[in-house]
Amino acid sequence: MSETINTAAQFPSFEKPTVQFNEKGWGPCELPDTFKDVPYQPFSKNDRLGKICDWTNTSNNDKKYQNKYASSFGTGIQYSYYHEEDETTFHLVDTARVQKPPHQRGRFRNMRNSRSGRGRNARGGLNTHGMTTLSGKNVKARDPRHGRGMGKKFGHRGPPPKMRESSVAVRADWASIEEMDFPRLIKLSLPNIKEGVDIVTCGTLEYYDKTYDRINVKNEKPLQKIDRIVHTVTTTDDPVIRRLSKTVGNVFATDAILATIMCSTRSNYSWDIVIEKVGDKVFMDKRDHTEFDLLTVNESSVEPPTDDDSSCNSPRNLAIEATFINHNFSQQVLKTGDQEPKYKFEESNPFISEDEDIQVASVGYRYKKWELGSDIVLVARCEHDGVLQTPSGEPQFMTIKALNEWDSKLANGVEWRQKLDTQRGAVLANELRNNACKLAKWTVQAVLAGSDQLKLGYVSRINPRDHSRHVILGTQQFKPHEFATQINLSMDNAWGILRCIIDLVMKQKDGKYLIMKDPNKPIIRLYDIPDNTFDSDDSDDGEGDDEGFQQVYNYAHNKI
């Protein structure tokens, strides 16, 4: 009997394996199923272990980077774990922090740990860790987790930026009527407004002392404290405007109020103006006992003063100091004394009575009217600070103001004592950047008053830390209209903004309204407020209507 033998069961079979051939490179062409979807982080055995892997890095398929296949070992070191105390739940606030000088700012600007494949430490970028060995302290400073360096710059840690406070708290019973943003206001224009016509002139002016034109840094002069009363009277408390409102005009204001509205697009801080509409007449007022009359300092600066009331360099304390300097400077540069000649207007100062024996600041008031079209006649009180005697004998009226230097290092400015005599243009350009709104207001007030000259004084602290003693370092004068062109101030646009607000109020019913600049946005809002708003503040003072215009300030005895 024959027997069949199965050789296949006795001997192992040989199957030909499939060999992958990569024609375009080296290595396998396909990824085995075992290793699919497994994240991979490039690494080196010399790297310290920080985390398992990082798959958040986006792939870069752009072929224009020649070094995209460069080694990216060490890219995960920025995510390494450092055993330290947890500081994520709190932050320290140093009120006495000294700001870095300008040359130290932005020193880590080009050392960002970008994940886009283009920055340092990223794939295709410059690998700084492969080139430089950093100490633990330096690595910590560049680590975004620690709230210093880049982390603080990009806002990952630290307190949020402080929001500015509104000049007045908006109440629940106020109705918002209109919002006007700055881009729309900048486009307004009201051309061909003629010069104002004088209606009434009041007050007495003293003549300017030309010796102050020879002051320079090497021949500085101390700023004196002048014991004189300065009246800051609002529109409805002005007895002359009350008298004129019965026969002339239908819109009434002061030059300070008009300048605030006309230069509103340059303002950053919040302000408010109360408007009353009675029939076809509109009265623009400032609220009593507010900071409306204080001069801002570095309002338009890239780095405004820090909001710390305990510091002499806080915005409010600097405003008080600037107002103190401005009023004392405007009186010191005049020829004072009983024997010195004075320029007297037709009427006496309307804010003092004949029986009062007080020293009043040199000021001349012009009550002028302007035709704004559409039967709108504006009547406003404007001011001169001094008068200059020309060789021909004709008087030239002056608006005298003062710029003040408080701390050039903190203000990111230029040293006046080094640049004022040789590069006065650079000093003025820096002031135009930091105080654009204040200088524009002064220019508008000089134009409205019809001043022939705008005199600017440069006043600085004797010591940057002492805000009570100052010196005059120099003076400079301009023609108001030429200076307006120099600072890019368009009077057509200023009149257009004013006319826009007047038209909005004229369309409303009789009552009380308030326009306010938003403290944090470039917006002006118009509110309809109850008629008794702010009346409670006036009644507490116990002053009658006849004494309302006697609001005065004595800047010689102010404690700053």
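From the backbone N, Cα and C atoms, a Cβ is placed for every residue, glycine too.
Just so it is clear, the model here is predicted, and its values are computed rather than measured.
If you look up Swiss-Prot, you'll see 98-166 marked as region 'Disordered'. The feature compositional bias 'Basic residues' is assigned by Swiss-Prot to 100-121, 147-156. Annotation comment: Swiss-Prot describes Thr128 as phosphothreonine. Among the features that Swiss-Prot reports, region 'RNA gate' is placed at 291-305, with the record citing similarity to another entry.
Nonlocal intrachain contacts for the region 'RNA gate' (291-305), taken as residues 6+ away from its ends with a CB within less than 8 angstroms of a stretch CB, comprise 99, 167, 232, 256, 260, 266-269, 271, 313-316, 318-323, 326, 404, 406, 410-412, 433-438, 553.
Remark: secondary structure over the region 'RNA gate' (291-305) totals 0 helix, 0 strand, 15 coil, with classes taken from DSSP. Mean pLDDT of the predicted structure over the region 'RNA gate' (291-305): 90.
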